[in-house]
């Protein structure tokens with residue numbers, strides 16, 4: 001590079017002050033400057049006629065680029081410099097060439113001005129001024145710019161303006177097509193489906209969110225499928241290990257790399273925790289392993305000095321007046337039912353039972369003649385779990401139950417801390433998995449996944465704690481959760497809209513399932529179940545002079561006897577209710593086996609009939625256990641931003657707790673107003689759940705009324721046309737539902753207590769028509785100018801009430817004109833599938849989920865839990881968490 005070229009490069013690095021408003025003149029100047037370069041090239045090429053490549057470039061017109069801009073004169077200068085270097089010209093000749101170019105520029109500029117017409121004459125003065133500027137400052141002339149240097153600023157500015165114009169044209173094209181970006185939308189959300197997200201204008205032409213790898217759940221699933229690296233290693237490059245050098249131990253028998261095959265049902269364990277027992281097993285097993293929900297702890301390990309509930313007390317035959325009144329009402333209902341079905345009731349049946357039981361004496365059975373003796377456990381040196389805990393004597397052990405109603409038993413008085421409860425949960429699960437049937441050692445837990453069944457109205461804090469225990473403490477590969485009612489439909493093979501009634505040991509849960517979703521506002525949890533029936537049945541037996549008068553119902557052997565009697569004798573079959581002779585064997589620790597004979601009459605039906613009179617259960621409970629320490633350590637879940645309770649808030653649960661049931665209203669107008677106001681109550685529950693009802697209040701609503709409440713709210717909040725399907729598909733499951741003829745009496749009770757308005761087959765059409773007319777009134781109402789806002793609202797409400805009364809009278813007239821029972825929704829109770837225990841249907845449904853491909857998207861791995869925490873449940877749940 002010459003010295004002059006170096007100096008010119010220094011000038012181009014400095015900022016240049018060039019006016020940008022004369023773009024047209026500058027374009028013209030570029031064309032003019034290109035002409036002398038071409039003429040100079042003609043002169044040089046005349047001397048070298050053998051160079052054909054240069055001849056092709058020579059012309060009277062400057063070639064154009066793709067963008068329509070003139071070819072940069074510096075490119076032509078580059079070619080000239082190369083030719084000059086090839087001829088080995090010295091620096092003096094280069095200086096002469098530059099001077100010749102200046103002369104040619106002036107000559108060619110004058111020639112071009114003469115050839116152009118009058119239209120170009122108008123633009124001549126600016127061009128002349130520009131050429132004069134280049135003469136005054138020759139180093140600013142683009143034609144003299146050295147090769148490979150910066151582009152002039154006026155060209156950069158022109159390109160920028162071109163890009164702005166292109167963006168405007170692109171925006172016009174998007175608007176014409178209809179895919180432009182809209183910041184706000186005024187269209188309200190309608191229907192059951194959420195509106196689609198607006199297109200991302202930035203990435204609309206790319207593959208953004210169009211591949212499975214760009215979706216979190218699918219990307220994580222693919223990673224787990226193809227995971228050939230150790231999860232412990234944090235690097236992407238696996239370590240090179242010599243397999244021959246590894247020790248042949250049990251721990252190394254597992255695959256070196258923790259591969260997770262999410263679609264392998266043999267590597268999945270299904271767990272359904274219940275109040276009475278835990279159902280656990282592999283998905284392909286015919287039946288799960290049923291482990292009693294019991295942990296026997298030696299009394300010497302516990303501080304029970306200040307506990308008044310330790311000693312077992314006998315049931316008192318004498319009860320309160322309120323108890324006797326409810327019992328009299330139940331007996332009256334029983335006699336009316338027997339009379340309706342033409343069953344004869346002996347007048348002196350109760351006297352016959354009492355006289356026989358008073359004179360009944362026990363028969364001693366020797367140990368060798370006992371068909372099923374019990375080997376009681378007296379060794380209090382360790383803990384016992386499951387069925388072994390049931391054989392521990394009460395004098396040396398305390399029975400703790402870590403689960404209640406599908407969640408942690410925070411009401412148990414025997415737990416001092418949450419750590420004790422979690423310890424019992426982990427040890428009980430390890431005991432169940434280590435049984436002979438499953439034979440899964442704790443060291444192999446990391447090779448299995450878990451499908452966990454949770455209640456319909458679940459507590460988020462309990463679910464999250466349970467998942468954390470399974471992933472971090474027991475170290476399973478992954479965990480997926482499913483609600484009980486949905487699992488019930490899977491297990492029973494029902495795909496239509498269904499009302500599921502699950503009668504458990506401690507709780508009874510009701511929920512409606514529609515299109516694979518548990519409807520939130522239909523879920524109800526009743527705080528009574530099979531254990532309450534057992535206790536009440538034992539009390540009725542004692543009031544009939546049961547031979548075993550010192551019966552300690554709270555002792556372990558006393559409770560086992562009561563459970564056995566309830567299972568064998570309670571029934572709803574009218575034909576089986578008579579004065580009959582029965583017998584049983586009493587097995588107690590340190591006592592010989594005794595055989596008793598006794599008689600029963602209506603006690604076999606009165607005890608389960610309390611499902612429809614549940615207030616009597618509240619009167620026979622010894623005390624409402626409450627462990628404030630555990631409730632403080634495991635509080636209810638709250639929103640991180642608003643600090644409001646964020647558990648599921650069911651409208652049916654709230655109304656049944658407060659006693660606001662449709663079946664208790666005799667006026668159809670009140671029922672209709674309550675139904676129309678349901679959406680407002682739902683909004684209030686979601687905004688301020690603490691202000692509406694006590695969450696700790698127990699729910700003792702009658703079973704048949706709760707079912708009607710659940711179906712009505714499910715139909716109103718989701719689709720009112722589903723009401724007929726819900727009444728036609730009522731599925732009863734649970735261990736305490738195995739009472740003969742329960743479906744028969746439940747159908748009668750629903751037909752008796754269901755309001756006439758809600759039982760009409762024309763109610764869905766009536767409700768849809770009424771709501772449409774109310775919306776029309778609200779939309780077309782014109783406020784009076786001389787009235788205040790409150791007065792206008794009162795006028796509108798008066799018109800709405802008038803319309804409701806008018807439509808209701810028309811509905812009553814239509815019902816009266818119909819004949820027979822064709823206008824009434826039929827009630828149908830679906831029996832469990834043949835040869836299937838109703839207590840195991842929920843577990844079976846969860847095992848079905850574990851074998852379908854959908855479960856791959858629901859599994860939560862340990863890495864997911866570490867990174868996202870409980871937020872991962874919002875993305876990997878089959879329901880709205």
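Cβ from N, Cα, C; glycine included.
Record features, source Swiss-Prot:
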REGION    1-150  region 'Disordered'
COMPBIAS  14-33  compositional bias 'Acidic residues'
COMPBIAS  44-54  compositional bias 'Acidic residues'
MOD_RES   65  phosphoserine
MOD_RES   70  phosphoserine
COMPBIAS  77-114  compositional bias 'Acidic residues'
BINDING   502, 503, 504, 505  ATP binding site
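The structure, with features from Swiss-Prot marked on it.
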residue	record	Cβ contacts under 8 Å, 6 or more apart
502	ATP binding site	484, 485, 488, 508, 509, 510, 733, 734, 737, 842
503	ATP binding site	529, 530, 611, 732, 733, 734, 735, 736, 737
504	ATP binding site	274, 275, 276, 405, 529, 530, 734, 735, 736
505	ATP binding site	274, 275, 276, 529, 530, 531, 735, 736
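Apart from the site residues 502, 503, 504, 505, the chain places the Cβ of 274, 275, 506, 507, 508, 509, 529, 530, 734, 735, 736, 737 no farther than 8 Å from the centroid of the site's Cβ atoms, the recorded ATP location. DSSP assigns residue 502 (ATP binding site) to a strand.
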